[in-house]
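Going by Swiss-Prot, these are the annotated features:
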- ALA62, GLY63, MET64, ASP65, LYS66, THR86, ASN139, ASN172, LYS217, THR245, GLY268, GLY297, TYR318, SER319: FMN binding site (BINDING)
- LYS66, ASN111, ARG112, MET113, GLY114, PHE115, ASN172, ASN177, ASN246, THR247: substrate binding site (BINDING)
- SER175: active site, nucleophile (ACT_SITE)
Amino acid sequence: MFYKIAQKVMFQMDPERAHHLAIGSLKMTANSPLTCLYGQTIAPAPVSVMGLTFPNPVGLAAGMDKDGESIDAFHAMGFGHVEVGTVTPRPQPGNDLPRLFRLKPAKGIINRMGFNNKGVDNLVKNLIAKKTNIMVGVNIGKNKDTPVEQGKDDYLICMDKVYLHAAYIAVNISSPNTPGLRSLQYGDLLDELLSAIKTKQLELAEKHKKYVPIALKIAPDLTIEEIENIAQALIKNKFDGAIATNTTLTRDGVSGLANANESGGLSGKPLTELSTKVIKQLAICLKGQIPIIGVGGINSAEDALAKFDAGATMVQIYSGFIYQGPKLIKEIVNAYRLK
């Protein structure tokens, strides 16, 4: 009931203003009696992924809490994990406003945020300050003004700084809103990046006597051959996981709607089938050697089950969470327990 009221108010506001209000409110109320307004108890449904055991298979996707300001509040809602970020080595403002658009009739969202964040050092402070023991993945990216050819340096800087504070690290090379970023998904650039990241991971594991798994987040706008090439690179470089998928540049199912022609990545219900197809193809190519975290267009328990059936071991929600609220977490977990 509370979420429906809050949603009604926030949906009258500019989307980005509403987002900042939500994150700020959650930050203020976390670890206080006010968590009763949105907190809930979720039945245990443990799942093992990348050598880690999560209390349930439903996580919050990256992008909602970029700077890790409201982690404890999302823990109260019952998420099995939270993926913060995308974070970059240096703070950056992201792209020009407006850059976030609702497509309410389609339960979709278009964003061209551009990795706006307060920088990795600020994120680390927030990770240290969190009071709960929720699993936190850290999604890392490159700064906009870093040339693509030098992009791996930004990823390595972020890895170095977040390593001790992350349950796992997600390497984001699939956002459509940073010029040239998706080129890192192909050919020599991909192999060089994954090799450098794996080398760094092993160095940090030896230095800190702690192994932190690494996952690669990929786009939905890939051919079968491109998915096969990415899978081969993941296996070759012994990555621990894959996250599929990010937002899409396609506009299937939203033509004619207000805001549908805005540039940026489309998420939410219009992405459901495409992301599931990519998960299925990726699972075929990975042959069970690397687990997949499924994300993209999960708007119901049925959508989540389709991701599991396609080959995902765990799922994440974002746009569906905005449209459905915390109840979606419980619905997915309950359905997962029964499957």
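In case you wondered, yes, glycine gets a Cβ from its N, Cα and C as well.
If you measure from the Cα atom of GLY268 (FMN binding site) to that of ARG112 (substrate binding site), you get 15 Å. Only ARG112, LYS217, ASN246, of the binding-site residues MET64, ARG112, ASN139, LYS217, ASN246, have a C-alpha within 10 angstroms of the C-alpha of the residue listed as 'active site, nucleophile'. Within the same chain, the residues at least 6 positions away from ASN246 (substrate binding site) whose Cβ sits under 8 Å from its Cβ are ASN172, SER174, SER175, PRO176, LYS217, ILE218, ALA219, PRO220, GLY265, GLY296, listed in sequence order. The binding-site residues ALA62, MET64 differ in how many other CB atoms lie within 10 Å of their CB, and the one with the most is ALA62. Cβ neighbours within 10 Å of ASN172 (substrate binding site), excluding its own Cβ and spanning all shown chains: 27. Sequence-distant neighbours of GLY114 (substrate binding site) (same chain, six or more apart, CB under 8 Å from its CB) are GLN92, GLY94, ASN95, ARG99, LYS144, ASN177, THR178, listed in sequence order. With the fewest other Cβ atoms inside 10 Å of its Cβ, the least crowded of the binding-site residues LYS66, LYS217 in this structure is LYS66.
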